[in-house]
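J.: Before I ask anything, let me first share the structure, which is written out below as structure tokens.
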């Protein structure tokens, strides 16, 4: 139904309501009036006034304006900041009434209608109505993000406008959505209170930068008086205390009456008074009431106090408990139901289906349909051809039944066109893509995801009508370039829209669904199946035979073994051939390999073939090499095709990972004919009918004639380099079954519904634009899923070509039965996203970052972190009581930590140097870092590192005395045989250990550590410890060295030996607080690195400061250091938790700050982050890099260019291929090209200046590609398409794609010119668009027009 207009020209869309019946338009009869003149609307007649004189006017001005009076009920401090409702022109205000509408829209309810389950007991049923707040309708314009705002102009209904604000995204908390940033001084009302107390009048309102210019009124005295006029303001006060909520059918009655505006607050108070929550907490009401009533007049009634307190109590209670209770209830937003139970009771649960299907539904389809009937969002994960589209069709049917809209989004234009053709016969369908808009008023719209994103950002009114959004191929979110679009759309969709997500099987389906549910605050039902409708068999094709390696998802190692045996047998036979034949065979294989490698990259000098070369390959090169390639490729493919044909496994799709290689393989089969005479006739008739819409010259394009020749023989080619109409012909003929062999790139597997009997992989490696790599399991599964036609084949066959060798079993197993690629966030900030979000009050850029899939896990843990933060804040604070007065332990601890950082920087380099290694021998005195945060430890090296233990064994002196049970010797054969080591003999009979002496034995060989490390003990009144240390734990190397007995220390664990060693260490101390002199890292250890030398001197100075601190050497140093560390750790933990919960912890926050600075520098936003005219222009740029396009327009770089030249330069914004032949440009075009490139370099340098990871040269080369400037220039001048193809080596399909996208860029530049007010640029872009829109480039899609 078209738009219905009321008499006052108020735009209205039928889909705004949504109900189960239908609407009709009936005449609205008005009352007859006696006088024809009185039949005119009241607002036409001018109001009558008394005759005015100069004296009366002067008197009125003085009384009305020069002696202002403040009314307490109107200008109170509590109300002043909310609304200044002063009627400056009351004398001319007349009660106006709009003219009555000519017609009215009324709902018609017809049986049978659906009853909701909860209404069945009552017997009576009434349709649901939507309550609309008229205050939002009247005052909420396009600046509001709420739905009850006035609709915009009809021309902006579908696409929206850059002047509109996006609708409020779903999932935002109420407190956040309604929060507004108020300027300082507004909320307090202090300045108004000063005014009421006799202060001077304020001329600068809060947040305003300029004051009011009073002009000639400045000399007048500013005297204020307060009075009350109950007769004139009493009624207004009563009227303002009410609020009216009306139903849908009231919208077209007397909506503009004055009493509507004066009754906007009553229902809120009434609703608040009826809440049982307010009555349950009288204490809360009393306290809140006191707070609310502060500053009010004493004559406030008890009823008003109760109402206001009740409302506040409800809000307070919900704010405190609502979010926490909801969080406790919703641990996970993704749920999985019992599909079997729903399947058994499906027809009981859904007795009246919105659409009937001619086949029995699968269980997952029934579960999804049941969820859709209940208005729930669903995520369906299933293999290719499993029947996911059934769920999308049911969503379309529900939207049609509910008189709402459904949107189907697809990742690529090809899928959109095909779905449009598939759904046209079933539903009211429209199509919206970048260059096509067909039936946009339809209830079911098919569009690309970018179009939907643009609608959301531009606040299109059609968003109100949408009930369902279907996301097809959701796994496309992993795409690096365009995956961010899916996340943006999901985040920006309003609350009333439900989701239908269709995806291939991925490991983290629940994780992704949980993110969507948590973001939108709605439950997502996850369903699907891992069962394939047609089971697959995976085989290897080697030496003319097929070897089965996988069946029913079970990998078969026997097939690999048989293929390997065949390879060994073939290689052994090859060894026995004559040397001459062997050399020839080797040369042939090497040539084949080199040609295969060459197929992945197209040479710059290759030009398009002429019309005369139709029968030959369209790619030039060495004829001898091409001939060798054809013979080799033809023999391989003929073997496989004949094998598949004998086994009735045709048609087959051969996936190659190069456009060039697809063409060469097809051309190699010049003598192969796979079609019958009837099929040839069908192909010929179809091609003639499809290509008849082209001009004569376009019908004879080399690509068109070459493809027709291949198609007649049952061979097809499908890749991005083909013309769009040629690709569609190939797809349609393949679906008809007349193409037997199709060579295609992987784009054919992305959503195109064209299953085959067999799928062949030419290789398991591909070039992804950066490197050659193995196929991912998800990519293999997506392409292999095209094998097997549901309802026609019992099994599908997947074949991997093996030419020279059989792949490894591990590689095959990983690709065939490995886990699919997880869904991962590709979210990234763009300038256009930032500019759009800065225009939205309800959603900040930080909120968008928080709601991205990349931040999902961090945001999910926020409640736990918040609880932990509250616990840590509630812990009692520890204090250090120093016996020497004011505690200096904090400074000492900070110096210790800083010295530790310096030491870590240089210790690794110093200790790993050969000079340090030569000093770290047994007996060397060292100082070790303490792991407990106390004073450093003096030690001695007992043993160096070995092959089995890379640590140094060091004895260190510790002040603490360990428990005696730790002093133990490891269980080992402790021999008392003197020949095995040192033994102990007493000096005298007193038996004291200090009088024992050592006696060397004759044992030789390395020392074996038999004591258990760490080994503790006490000697000479101090504790010691023996354990292993890494070289990073050495603080310094001392210049002292002690003789030690390794055997007695490490093997025997002799106490006398340890006592003697400890005593020698203690003797080395000149006093109790200092260590022996250390080796100088610079002089002794030959430290030469300048940075490390500087670090060393900083470290020594810090140690000197530490020694001068009064805590150094304190008896309580260890205890206080532990306390200082705990206090520091507590503060650090608090700061870390606060940081993790803040916006600064977001992954892309640094990039966001840098981009904000760039936008400020350019002038897109001001210092207050308000979007300026440059920013509004940048918001229009979707096809090109927004900064370059915006700066280019404001520098007026197209002023001196003709439309043909301007559109040629603009092709650099949309062209994507990197390596092309260099174009030949005119001097004018070359100058414009250089100027645009310099602009990009300048912008790249600016972004690098603000710490963005951008290289200026790469930035310019990535966003500006001038390979088609010459081609587009000639095309705009009217040159035939066949001739412009000769100017470049870019495939015809990419040329068409670039020109089509260029037309969209012209429209964007036209909109930008309108914003700028540049009429000359607007006309130039219009002329440029008309110059390129012609012939084959803009030929209509066969899916849209039919054949």
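Every residue, even glycine, has its Cβ placed from backbone N, Cα and C.
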J.: Any idea which of 263-291, 292-320, 321-349, 350-378 is down as region 'Disordered' in Swiss-Prot?
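T.: Matching range for region 'Disordered': 263-291.
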J.: With Cβ-Cβ distance below 8 Å and at least 6 positions apart along the chain, what are the contacts of residue 383 (ATP binding site)? List them in sequence order.
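T.: In sequence order, 504, 505, 529, 530, 531, 532, 533, 781, 785 meet the Cβ cut-off.
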J.: Using Cβ atoms only, which residues of the same chain lie under 8 Å from residue 388 (ATP binding site) while being at least 6 residues apart in sequence?
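T.: For residue 388 (ATP binding site), the qualifying residues are 380, 382, 472, 502.
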J.: Other than 382, 383, 384, 385, 386, 387, 388, 389 themselves, what residues in this chain have Cβ atoms within 8 Å of the centroid of the ATP site's Cβ atoms?
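T.: Neighbours found: 533.
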J.: Give me the long-range Cβ neighbours of residue 389 (ATP binding site): same chain, 6+ apart, Cβ under 8 Å, in sequence order.
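T.: Counting only residues 6 or more apart in sequence, the Cβ neighbours of residue 389 (ATP binding site) under 8 Å are 422, 502.
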J.: Counting each residue once, how many in the motif 'DEVH box' (472-475) are helix, strand and coil under DSSP?
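T.: Its residues fall into 2 helix, 0 strand, 2 coil.
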J.: Inside 10 Å of the Cβ of residue 382 (ATP binding site), count up the other Cβ atoms and send me the figure.
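T.: Within a 10 Å radius of the Cβ of residue 382 (ATP binding site) lie 23 other Cβ atoms.
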J.: Tell me, how many other CB atoms lie within 10 A of the CB of residue 385 (ATP binding site), whichever protein chain they belong to?
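T.: Excluding its own Cβ, residue 385 (ATP binding site) sees 19 Cβ atoms within 10 Å.
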J.: How many neighbouring Cβ atoms, not counting its own, are there within 10 Å of the Cβ of residue 387 (ATP binding site)?
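T.: Summing over all protein chains shown, residue 387 (ATP binding site) has 19 other Cβ atoms within 10 Å.
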J.: Sort residue 389 (ATP binding site) into helix, strand or coil using the DSSP assignment.
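T.: DSSP assigns residue 389 (ATP binding site) to helix.
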